[in-house]
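Copied over from TrEMBL, here are the features:
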TRANSMEM  7-29  transmembrane segment
DISULFID  CYS243-CYS311  disulfide bond
DISULFID  CYS272-CYS333  disulfide bond
DISULFID  CYS313-CYS322  disulfide bond
TRANSMEM  440-466  transmembrane segment
SITE      TYR463  site 'Critical for TLR4-TLR6 dimerization and signaling'
CROSSLNK  LYS469  ubiquitin cross-link
Amino acid sequence: MGCDRNCGLIAGAVIGAVLAVLGGILMPVGDMLVAKTIKKEVVLEEGTIAYKNWVKTGTEVYRQFWIFDVQNPQEVVVNSSNIKVKQRGPYTYRVRFLAKENITQDPEDNTVSFVQPNAAIFEPSLSVGTENDTFTVLNLAVAAAPHIYQNAFVQVVLNSLIKKSKSSMFQTRTLKELLWGYTDPFLSLVPYPISTTVGVFFPYNNTADGVYKVFNGKDNISNVAIIDTYKGKRNLSYWQSYCDMINGTDAASFPPFVEKSRTLRFFSSDICRSIYAVFESEVDLKGIPVYRFILPAKAFASPVQNPDNHCFCTEKIISNNCTSYGVLDVGKCKGGKPVYISLPHFLHASPDISEPIEGLSPNEEEHRTYLDVEPITGFTLQFAKRLQVNILVKPAKKIEALKGLKKNYIVPILWLNETGTIGDEKAEMFRSKVTGKIKLLGLVEIVLLSVGVVMFVAFMISYCACRSK
């Protein structure tokens, strides 16, 4: 009977050891199965989870605008006073709801090309007013004229047209006009063919961004969704330097198995450049563990602080010999217009940039840009892209509307917050098909390993106790 008992204890210990070994074996095998599934499903080809969400996002994306309403336009024109602004908003539009078009797979180089149609629908219920609300803002055409046409004689001619059209440094425009375009009275008098329509985002509706050409990941999953060319060029033609090569993806997704140490690079056509984000924290998004990556202050640093930004220093006087920071000159890809991009309220900008502007309140939490990326698949499940559009205005002796100025201004026009969050239905699908299965597999591995170890130890202790008796 003692022998039978010993045999039973030994058998139990063996079973425990087998379970522990099985649990140990399942770990690498399970990881291999997960990796194989992910590598299959993130490829950008018909039939995969990634492709379905890539063609048309299942996330509702909104773009909110806050307009900087100038409170003292006459003081600025006459006395070159600091500009006092008051932000008004949000005014909300739904964007990125149209599916990609002209999708073409190229099996030779494993890429897929497409264009992204642009459209915006005003959302009254998410806005503080209507598209007909009016604002006192910088006159975009007048401010840009002496910057584009620097010849003194030409400026004299332009001045006569500005006076004839009764235009000034500032103007009153509706939200719809400011964003999407209006016929400018000054430009309408120019005696040679030019575009007379002006707007911060003109043209936008019924246009398309692209052509993009990205890697589909079939031959190498580590480059899936990474942009190969944009509008036929691997490097933007506007610049001839490293800081404006097209690096990364379009930020909708990244190559899978994202690590916290990785720098996520993505291209934004809004600012005509690639930019990057670094890991900040782990976040629970509707039951899905994600990594939050943020746009660091260094991305908008001066060339002295960040040499990669040297090509954005094009104006030695405005930039204090390239020591000012927090704004990027993107005029070369905006038709030569004096457009500067920054974070809202000049967040992370040097004091000399914001000093001539009163009424700004930069706030890290409200004004930073971030991406919430699911690390296994590389999908961006939530994001907030926040940018501010500014125009450089300089004194111009030949133009009466600007000759009273005694200093340069980088004038904020508006800032935007483009956001998207995975919907509840998509989140449930994601949990069931991706994170849920991974968690279940991990749980089975741990249970088998734990039960096996406990059984082995328990039976061995019992066996030893029985032998001692």
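Placement of Cβ uses the backbone N, Cα and C atoms for every residue, glycine included.
What TrEMBL says about a protein is an automatic prediction, not a curated fact.
If you measure from the Cα atom of CYS311 (disulfide bond) to that of CYS272 (disulfide bond), you get 12 Å.
The number of other Cβ atoms within 10 Å of the Cβ belonging to CYS333 (disulfide bond), over all protein chains shown, comes to 17. Within 10 Å of the C-beta of CYS311 (disulfide bond) we count 18 further C-beta atoms, all protein chains included.
Counting every protein chain shown, the Cβ of CYS272 (disulfide bond) has 20 other Cβ atoms within 10 Å. For CYS322 (disulfide bond), the Cβ neighbour count at a 10 Å cut-off comes to 17, with all displayed protein chains included.
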